[in-house]
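Features as listed in TrEMBL:
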- A:95-301: domain 'ABC transmembrane type-1' (DOMAIN)
- A:9-30: transmembrane segment (TRANSMEM)
- A:99-122: transmembrane segment (TRANSMEM)
- A:134-162: transmembrane segment (TRANSMEM)
- A:174-194: transmembrane segment (TRANSMEM)
- A:236-258: transmembrane segment (TRANSMEM)
- A:278-304: transmembrane segment (TRANSMEM)
Amino acid sequence: MLRYALQRFALSVVIVMVAIAILIVMLHVVPGDPAVMILGPRATPELIAQTRQSMGLDQPLPIQILTFFGNILHGDLGRDVFTNRSVAQIVFEQLPYTLVLISVAILWSAALGIALGCYSALRRNTWLDTLSGILSVGTISIPSFVMALYAVLVFAVWLGWLPSIGAGEGLGGSIIHLILPAFAIGISWVGYVARMVRASMLEVMSYAHVRMARAFGLRERLITTSHILRIAVQPAVTLIGTGVAHLFSAAVFVEVIFARPGIGALIVQSVNERNYPIVLGAVLVTTAIIVLATLISDLVIAWLDPRQREEL
Amino acid sequence: MALTGNTTAADAGPLVAIDSLSVDFDTAGGTVHALRDVSLEVQKGRVLGLVGESGCGKSTLAYSLIGLLADNARVVNGAIRMGDRDLAGLNAAGWRDLRGRRIAMIFQDPMTALNPVLNIGRQMIDIQYRESLSKAEKRARAIEFLGQVQIPDPAARLDVYPHQLSGGMRQRVCIAMALLTRPDLLIADEPTTALDATLEMQIVDLLRELQQRFGCAVLFVSHHLGTVAELCDDVAVMYAGEMVEKGSARQIFHHPQHPYTQALLACDPARIGIATRQLPTIPGSLPDLRRPPVGCAFRARCPQAWGRCASDHPPLYVAQTHHGARCHLLNPEEGKT
Ligand SMILES: Nc1ncnc2c1ncn2[C@@H]1O[C@H](COP(=O)(O)OP(=O)(O)OP(=O)(O)O)[C@@H](O)[C@H]1O
Ligand SMILES: [Mg+2]
């Protein structure tokens, strides 16, 4: 298991490095000189050349990429074009807001989705199964920003129960401010996860080893957890792991709608200002987290299922 | 004279007595009458072989003895007596109490019977949940029983996962698990069908040896008459959901009475001396179990069928003590005309 984890981690690092290299090449290929962008149209050619040199843009592309990797190792993601503040600092200031939002959204939606899916599979065709089926299909098709708008309208504007602006102060305030955005991002995942868990539970329930477990008179609860769910939950784990990428894009909209700080809001603002070092840094960190999420979901599956450990 | 009640060799008395059991499956295409009026006794400490073509209801009978029939199955009639209890009327909790304690089962396909995500040790410890033993003692018992089924280096196998074992090894693990619960009745539904011939012989020898050592009764379901002849004390022959003949192994193999049993034996590759692993084939096919025939179920394929076979359903006639067959030819009052 440890060897598997190390191998998978090494692979993840390679994936992130390749992604960064591609990103740099793409920014290079995109028309427009970042130096001109920063200095504005009236800058002198000498000034532009000097800026290009200080930004390392006069170096050949492979050198630029290597320098970038080298800087990353020192925790240096570049500087804000306007304020000259460290990009790493800016990004890591905003990151916790988004991470908390996404984690809370994943946790509540996965927990509820798995529980509902389990219940639906075990108690097929009961009213709760039917209801969860209808709600799942309904919520899966609603984009999270639409959900966020409705959540704001109903719970903040109309009922006035929950705040809709900002991230809140202190622990209590932060929690209250998290409810609506985490609800808006997570709700469609509840249905997704529930349907997926239900379908794979129904499949695994018909496997021969489940009948064998029954033939030994094992308790139904043990059969459900160790013999059925432990296998049936795997597709949902993969779904959630790869879904973190979607959650980040959902967070972009939701942070803007709720005027919350966070990576999403930061990227939107920096793109509007053409502040490319920040865009680059934020996208880099986001990519690393997405790859990390996939890695974690793969490790969870390897922990659940020994057969997966042998494949890499 | 129709044969009733205690018919088979009864040294120690019946452990389980199945009495006029009928089981239906509800399907979209109609009701499948998979078992019809089946009576059978499993004697304490003896091995009963259950043979018949594919689809004749062997597994249905085996599963009804451990309460694991499919969801669409219904026991429409009959009783399964074990001691003073009728298992046919048990609820889920009642069945759970018997399973893994008085009744255990070995399944056909060892490749899928074990949980792929738990190691062998965990699975063997979990099934001992009723014993008030420490975990270390349960582990020790698991190792002991892996040794009983002749798995080399049993202690090391506890940490292994099923996919790391061969099919033969997995079936040995299943047998060890079944015996670990010290059942009175061991049901084995074609435990060797998925294995190749050499392994099959090894597993059959092992079952024979362990049955003698542990003294449990065994219901051994098989297509393969050779293994049945080798392993079983008594034999029951099923056809199209009915029990058509039952008796001691000697009686069935040396003096088969029912034309179906005779045909089965004639098709047995071991008897015709050709080394094939083909299943026995008799010309014709099983009747549609949604509309079982009125008279004898085997009539359409029977070379000796005559007038009465179409109209009257044959009762179980006595051929010899403890040996009976459902065939009008055995009616002592009726000469074949
Ligand atoms: N769940 C089910 N629903 C409907 N019909 C079923 C079901 N299970 C079994 N049957 C039918 O009941 C009959 C008896 O099946 P059973 O599995 O008991 O036969 P078998 O003798 O064990 O055959 P095999 O040798 O192939 O294992 C068959 O006609 C089969 O199609
Ligand atoms: Mg069968």
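Glycine residues also receive a Cβ, built from the backbone N, Cα and C atoms like all the rest.
With a cut-off of 8 Å between Cβ atoms, the residues of this chain six or more beyond the transmembrane segment (A:278-304) that come close are 1, 4-5, 8-9, 12, 15-16, 19-20, 23-24, 27, 72, 77-78, 80-81, 87-88, 90-92, 94-95, 99, 230-231, 233-234, 237-238, 240-242, 244-245, 248, 263, 266-267, 270-271.
When Cβ-Cβ distances below 8 Å are used as the criterion, the transmembrane segment (A:99-122) is approached by residues 128-129, 132-133, 174, 178, 181-182, 185-187, 189-198, 201-202, 205, 224, 229, 232-233, 236, 240, 243-244, 247-248, 251, 254-255, 260, 262, 289 of the same chain, each at least six residues removed from its ends.
Counting same-chain residues at least six beyond the ends of the transmembrane segment (A:134-162), those with a Cβ under 8 angstroms from any Cβ of the stretch are 176, 179-181, 183-185, 187-188, 190-192, 194-195, 250, 253-254, 257-258.
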